[in-house]
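Per TrEMBL, the features are as follows:
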type	residues	note
REGION	1-24	region 'Disordered'
REGION	49-90	region 'Disordered'
COMPBIAS	57-71	compositional bias 'Polar residues'
REGION	102-124	region 'Disordered'
COMPBIAS	102-119	compositional bias 'Acidic residues'
REGION	256-277	region 'Disordered'
COMPBIAS	268-277	compositional bias 'Basic residues'
REPEAT	279-321	repeat 'WD'
REPEAT	322-364	repeat 'WD'
REPEAT	415-457	repeat 'WD'
REGION	528-554	region 'Disordered'
COMPBIAS	528-543	compositional bias 'Acidic residues'
Amino acid sequence: MSMITAVSGAAWVPRGRASQHPARYEFDEEEYGRISKLAKLELDDANEDLEDARQALSKTKVSSTGDSQAGHTAEENEEQNGAHDALSDDDDLREYDLENYDADEVDGIPEGDPDEEEGSNSIFGNIGGLAYYRDSKEDPYLKLPEQGDASDDEEREELQILPTDNMVLAARIEDEVAHLEVYIYEDDADANLYVHHDVMLPAIPLCVEWLDIRPNNGSDQGNFAAVGTMDPDIELWDLDVVDCMFPTAILGQNSRPATDAPLEPATKKKKRKVKKANASHHVDSVLSLAANRTHRHLLASASADKTTKLWDLNTCTAAHSYTHHTDKVCALAWHPTQASVLLSGSYDRTIVAADMRAPDTTVPRWGVESDVEQVRWDPHDENNFYVSTENGVLHCFDARQLPSSPEKSKAMWRLQAHEKSLSSFSVNPTVPGFIATASVDRTVKLWNITENGPSLVVNRDLGVGKVFSANFAPDDAVAFRLAVAGSKGAVQVWDTSTNRAVREAFAGRMRLQAGAEDVVERVIGIEVDDEEEEEEEEAEENGGEGGWESMEEE
């Protein structure tokens, strides 16, 4: 059986946003009660599914007259024989009086036992005089070796995150087990990338977005990850808590803070049957997420149910639902300066720039030649946006030039960046005209965008397999660092400033020394096991040509 390993998305957390000393997850009585409620909700769901299956099975039974009578006779005989055997077994066991085995015991001594009257002569005679302490430290006769705070200090140091560290979030699936990995990237002379901690996810992750706000408390700064999966729900995880078992909040069918009690079973069951798109929650996979950096309490989500939802993180409910597309909505991006404008792309091969404050107005729409993969605004020119497509093309549009119809859309320029699907691209937020594109053809390409159009700077295979995610770091100090993830389950951070061609192309836009001979190109990552690599390649040879999208349900 081959192992499925992949990283579907990688997102950066800016420096200084993570807690310097993350907390350990504490399992107290309150948390136990919360988990019990969530577990009961899952159990109720399972019982409802079982009851539905039983009812469906009973409706499909068709019995013929002859076979039915013969079957009933055989069953009656079998039941009679079984009852006779049961009575025989009862007679054999009755002499042991198993029903009253524990009923007449007092302090471990059967009633009527002579040892009961002897009291102190019994091995349990003095049990009533024993003293118990809630804490071992309160027992004056128990002396535990003093360990001091050495172990706590050591653990605290291991979990420490420095202000110069960056978090990298990777949504990973390995052998049908999904989890969110939290990496720490240390950018110094000896650059390092390692997994700080991870959290288990309920389904295959498709997208991840960093949030700087605490759900249900809009006034607090936070460090959270929103994760979209093959399920319709969106989970919000606290990145400053290690070994966390459940999300802080859930956006979806049962939208609520995770600490709240679940909905009543009857109400929940009625909602679970609904599969039609609606305004309150998604009913299919969540394909893209976008956090609004100006209005921090707003999170946009795109789904395979053909809708876009706008979530209010203060209440964890959907504020609005939009139906701008006729097929799966797979890409979102907020405008860098006009905070209410959201760009969305769909499998219907159109891109929409909509003002979310006016859901009923006609929206401008652009068209492309194949399914949309990703959309991005240009952070250095608020009028331009980019679109990547399934056939490997990167488009640049001017938002001021509105076509009369999607078919008549005209791009400022069109680049055949890859021969296969252009699964991800990133526009450098610090360096103007610096774009990275990534594809399922396993390559990452860096482009220099000038007035004359795009030109290729460098092309690399970073060894992550089919590339599903490529993102530049958000901080100026690490502006040239590119996080790349793909089908082999590996995450790599490429310091593009160590590449000679990059230094020559962008030396005039950043503090770089063009053509420095003593700089060694640097790619930081965790090694992939050779066995996993061979299994991944074997899976591709057996027909796995669809990339990450092939794992989605049709």
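Glycine is treated like the rest: Cβ placed from N, Cα and C.
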Problem set entry | Long-range environment of the repeat 'WD' (322-364) - Cβ separation under 8 angstroms, sequence gap at least 6 | 277, 287-295, 300-310, 370-377, 379, 382, 385, 387, 397, 399, 402, 406
Exercise. Helix, strand, coil residue numbers for the repeat 'WD' (322-364) per DSSP?
Worked result: 0 helix, 19 strand, 24 coil
Problem set entry | Within the repeat 'WD' (415-457), residues counted as helix, strand or coil by DSSP | 0 helix, 23 strand, 20 coil
For this session: Would you mind splitting the repeat 'WD' (279-321) into helix, strand and coil residue counts from DSSP?
Result: 0 helix, 22 strand, 21 coil
